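Asker: For B:C44, B:C45, B:C110, B:C139, the entry in TrEMBL reads [4Fe-4S] cluster binding site. Residues or ranges marked as domain 'NADH:ubiquinone oxidoreductase-like 20kDa subunit' by TrEMBL: B:44-152.
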Amino acid sequence: MDKLNNQQLLQQLTDHFGEDITRHEEPYGLLTVHTNKERIIELLRFLKESVGFIYLTDITAVHYPEGENTFAIVYHVHNLVENIRVRIKVSIPVSDPKIPSATVVWAGANWMERETYDFFGVQFEGHPDLRRILNMDDMEVFPMRREYPLEDPNRVDKRDFYFGR
Amino acid sequence: MSQITLADRPPGVEGSGFFATTLDKAVGLARANSLWPLPFATSCCGIEFMATMGSTYDLARFGAERPSFSPRQADMLLVMGTIAKKMAPVLKQVYIQMAEPRWVIAVGACASSGGIFDTYSVLQGIDEIIPVDVYVPGCPPRPEAILDGVMRLQDIVKSESLNRRNTPEYKALLEKYGIPTDNG
Amino acid sequence: MSKPITELTSNRPVFEEHDPEEVLTTLNLGPTHPATHGVFQNVLQIDGERIVSGVSTIGYIHRAFEKIAEHRPFYQITPLTDRLNYCSAPINNMGWHMTVEKLLEIEIPKRVQYMRVIVMELARIADHIICNGILGVDTGAFSGFLYLMQEREFIYEIFEEVCGARLTTNIGRIGGFERDFNAVAFTKIEEFVKRFPAVLAEFQELFTRNRIFIERTSNVAAVTPEQALDYSWSGPILRATGVDYDVRVLSPYCSYEEFEFDVPVGTNGDVYDRFMVRNEEMTQSIRIIEQALEKIKGEPKGVFHADVPEFYLPPKEQVYTNMEALIYHFKIVMGEWETPKSEVYHAVEGANGELGFYLIHDGGRTPYRLHFRRPSFINYQMFAPMSSGMLLSDAIINMSSLNVIAGELDA
């Protein structure tokens, strides 16, 4: 049997999800499909159970403040037998950052989602234990959102005039 | 046959059958050559400390044979690695638990000043929360640099007054950091 | 011997639960506990010596790498990657360089690739030395650690010869190396390849058939392949369960496909298997280095970087005398280079597993977003659920065998 390639995979996905695969591209040979948050868990489950993408590589998010101010939630999954990876993106608005949790498909999604919540404030619905993981519990902001500065704003020893700004 | 080097004796008055010096100096000599380290290793510098403790560099030569993982029995707190703000209260607690006399070495750029991590989550130097005696530069410092830091601390310990903990300057210093002064 | 895990409980807090007979003790292990070799906190509920449940707290050295990376040009991110898994910093450096090279589509000469392979495999050995040495210390055998540490110092000497630094190496540049390996470096690498197998054999002799060691590690924290894959494990600990997933084989980078080496796998997924897998990987790394040294001899001498003047800093003396070099130097340092707007995921086989770099670039001076897929972070999340039912002393050994590096865990 031939190895599964990006075209066949995309065909399978569009056959099943039709309109819900809104967009796709192939940067550097890695198939990237865009879908929506209503069907993301179904899609991940389909990939895992029917196409053999048993390995969840990573979950993360990207903040795009320009235009509509959205988060892109990015899933990387890997089919270890056919040796093919696929990237799935879901775009959600920052004003209502909710998406179903992938912990029902992979137990390993737990901390990846907690990290994403910690950094961006994305609410993963159905997550068993959505708490901060890396930052302090009493932190009030979600530091990876692009409006927050890198440096601690409370520093007093770092005056702007030392840095010519 | 191993060669045993004896520590130099402190300055004093010598005559036939006696040697007299101040108690400060005698105790300082003893303290300086039996500093028990408490390695508070969080990241990269901790790995270099591991090399310092290991067979090639051997920190034990300086009387620091016994790394004490309990703060109660330690004299020398070696803070190695980044201290995040989440970690800061833990470090302060460890310092408070140490009995007098106690000294602190900030090993590496992160412990000294925050290093390259000028971010919202990293403490910009441990001297924001506890007093520091010796800073060792480097990211991470080489084992030789850590050894040098320990030797500089030995110099401090040797020349220090026996009664440091009761001096008003020292009490004022600790109070500045909000550390209770009555446990020593 | 503790039982293999049959069912994993979820990673939930345990303290709200009522304990009617109050037989359970709550034990706070960490964040500065000496047995954990790093800043991990685990609050465990124990019944005598047996762990009932636990909660992991991490983030004690969270340094906001990903946020810093959004503010740094590409070449300034290399020192950040050093501090991820600082036990094998060169692998991180090379992984990052290769990610950028993939984005910029730079072709790397074969000789540079083999040089990279040598450095990466040395780093893998250095990392496995720490892990297996510490595992020995935790089971009560200190001397093996000291034997291996001397070899690790020798690897650091090689790194010093190649780049000047020991631990956080910042080795190489985007496009190749900053300088060629000198003759001393080659001699030292050859010497290392000759002498290391004997030391490793001596080390293994101390452990592999040692009754105490086997009793302490065999069948401890055994994980099935299904559980490991469900938790997205990777690296030696995944291979110990019997899954032969190695990024070097499945998605070869840096010409790994030209090398002949075996991927060792375990059968049981327990601490003993992880130890054996790491030992065998060290042997395989030596094999790879030997082949790379042989291959380098067939390549043109003196090539140590790709010919990409727009991305690779020119030599300093040319900057002062040559107009073109000065312009390139200025452009590279100021980040005025033509870069595509795209996204790229590149993974390398780090010492702990799949180390991935997910880079989104908008053509600017700095990455738009850089996410590190950190194997320690993902591997460690099974620790608390898998500890329930285990003896406390077994859990400690389990933690050392996972080889969780705090810098990589907390990023």
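Each residue, glycine too, has its Cβ placed from N, Cα and C.
All annotation found in TrEMBL is predicted automatically rather than curated by experts.
Map these features onto the structure and tell me what's around them.
Answerer: In the three-state DSSP scheme, B:C44 ([4Fe-4S] cluster binding site) falls into the helix class.
Over the domain 'NADH:ubiquinone oxidoreductase-like 20kDa subunit' (B:44-152), the average per-residue pLDDT in this prediction is 89.
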Asker: Please report the number of other Cβ atoms within 10 Å of the Cβ of B:C139 ([4Fe-4S] cluster binding site).
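Answerer: 19, counting other Cβ atoms within 10 Å of B:C139 ([4Fe-4S] cluster binding site).
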Asker: Can you tell me how many other Cβ atoms are located within 10 Å of the Cβ belonging to B:C110 ([4Fe-4S] cluster binding site)?
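Answerer: I get 31 for this one.
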Asker: Around B:C45 ([4Fe-4S] cluster binding site), how many other C-beta atoms are within 10 angstroms of its C-beta?
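Answerer: Within a 10 Å radius of the Cβ of B:C45 ([4Fe-4S] cluster binding site) lie 32 other Cβ atoms.
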